[in-house]
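Engineer: Grabbed the feature section from Swiss-Prot, which reads as follows:
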type     : residues                                                                        : note
REGION   : 1-229                                                                           : region 'Pyrophosphorylase'
BINDING  : 11-14, K25, Q76, 81-82, 103-105, G140, E154, N169, N227, R333, K351, Y366, N377 : UDP-N-acetyl-alpha-D-glucosamine binding site
BINDING  : D105, N227                                                                      : Mg(2+) binding site
REGION   : 230-250                                                                         : region 'Linker'
REGION   : 251-456                                                                         : region 'N-acetyltransferase'
ACT_SITE : H363                                                                            : active site, proton acceptor
BINDING  : A380, N386, Y387, S405, A423, R440                                              : acetyl-CoA binding site
Amino acid sequence: MLNNAMSVVILAAGKGTRMYSDLPKVLHTLAGKAMVQHVIDAANELGAAHVHLVYGHGGDLLKQALKDDNLNWVLQTEQLGTGHAMQQAAPFFADDEDILMLYGDVPLISVETLQRLRDAKPQGGIGLLTVKLDDPTGYGRITRENGKVTGIVEHKDATDEQRQIQEINTGILIANGADMKRWLAKLTNNNAQGEYYITDIIALAYQEGREIVAVHPQRLSEVEGVNNRLQLSRLERVYQSEQAEKLLLAGVMLRDPARFDLRGTLTHGRDVEIDTNVIIEGNVTLGHRVKIGTGCVIKNSVIGDDCEISPYTVVEDANLAAACTIGPFARLRPGAELLEGAHVGNFVEMKKARLGKGSKAGHLTYLGDAEIGDNVNIGAGTITCNYDGANKFKTIIGDDVFVGSDTQLVAPVTVGKGATIAAGTTVTRNVGENALAISRVPQTQKEGWRRPVKKK
């Protein structure tokens, strides 16, 4: 079916009182992303010509958080119902486009379901997303005659007979722009809440002899809204369970799917193994045969084939070539790069530093603003002193260098190829190739030394 051009309206003006937060409800995150951003992404993926965001509470915070240039910001100064919210956006509707109505606190709506709704919308009519619930208390009921949708009755306005209806309105619908504007202009607030309900346009359409087609989502979670943190946490687990299932079916071994969080996009090779309590954030790529230990956090990084990341390691904005080993308890900060076969051990931190092929930093080391060659050994307790209190400086270490334990390299400094730095040395000047650098206080020894004793 050929679809008309389409724009999307996202209602996001609610305060979210039950969240007990200074943050607008729709900015609370699910899978590391604001709820409303999930909805915006779905609208854009669906091909929306325009996305109209109706906002009210916390507008400044919303504008700081949402940088999408495709957004048209529509202010709703008073929250007088869903129909009133749509009336604020109506001046922006084109007559010949379809208008899809979504909600900023319904984050798991899928593009597939929305496309089915869009395809099902009859010419001149309304496409409506509905579900059947065992307990529909509190929801607007779908009324029908001879199987055809005739209207929606809000729970507070429903008769006892209507409250027995199990099919309920999700609030998501699509209609033609010209029709939508005409129906919105006819809305009244003659109801128990004193609000303008968008749902009243269903009865208006029926009275005009327009067809209303109901479509059901693939999963109930797609249309579940969030009003409190408990509901948000439940949807988080639903989402994470779905992502884990997809990864398992695609060949990723998750040791415990219930203890894995994906807060972004994961691209992976074959035979990847991920232990418990691992968090993946942003855009992460894992090569073939990558192993990730328990408690690791990987963010916006590329991990090459055959790498092994031991438990409780944090990797952010880093790039690892093949066969690298990291951790446990290592931290790779933005700009860290490991070439093939490099090793970073426990309690080692790297930032804006490159570790060459086969090079090793095994223990208790800080490497910042550094360029380290191939086959270099960095001894325990080594520190690149890259900051003088005002500016950062670089340390360069050539190939085949041996750096002894407890060494401080005061940048800017260069250590030539094949050099050796003796343990306990503070390097303040460049070291030549194949040279030995040593800066220790000469050792003295006092024979027969007696330790002090406590005075009584």
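Every residue gets a Cβ built from N, Cα and C, even glycine.
Looking at the shown structure, what environment does each listed feature sit in?
Structural biologist: Neighbour list (E154 (UDP-N-acetyl-alpha-D-glucosamine binding site), Cβ cut-off 8 Å, at least 6 residues apart, same chain): G140, N191, A192, Q193, Y197, T199.
Counting Cβ atoms from all protein chains shown, D105 (Mg(2+) binding site) has 24 others lying within 10 Å of its own Cβ.
Looking just at the region 'Linker' (230-250), the mean pLDDT is 99.
Within the same chain, residues at least six positions away from H363 (active site, proton acceptor) with a Cβ under 8 Å of its Cβ are G345, N346, F347, V348, A380, G381.
Non-local contacts of A423 (acetyl-CoA binding site) by the CB criterion (under 8 A, 6+ apart in sequence, same chain) comprise G379, G404, S405, D406, T407.
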Engineer: At 10 angstroms around each C-beta, which of the binding-site residues L11, A380 has the fewest other C-beta atoms nearby?
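Structural biologist: Looking at the binding-site residues L11, A380, the Cβ with the fewest others within 10 Å is that of A380.
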Engineer: In Å, how long is the longest CA to CA span across A380, N386, Y387, S405, A423, R440, which the record gives as the acetyl-CoA binders?
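Structural biologist: Result: 23 Å between the two most distant Cα atoms.
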Engineer: Given the binding-site residues N227, N377, N386, S405, which one has the fewest other C-beta atoms within 10 angstroms of its C-beta?
Structural biologist: N227
Engineer: Does anything in the same chain, at least 6 positions from R333 (UDP-N-acetyl-alpha-D-glucosamine binding site), have a Cβ under 8 Å from its Cβ, and if so what?
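Structural biologist: E316, D317, A318, E349, M350, K351, K352 - these are the non-local Cβ neighbours of R333 (UDP-N-acetyl-alpha-D-glucosamine binding site), listed in sequence order.
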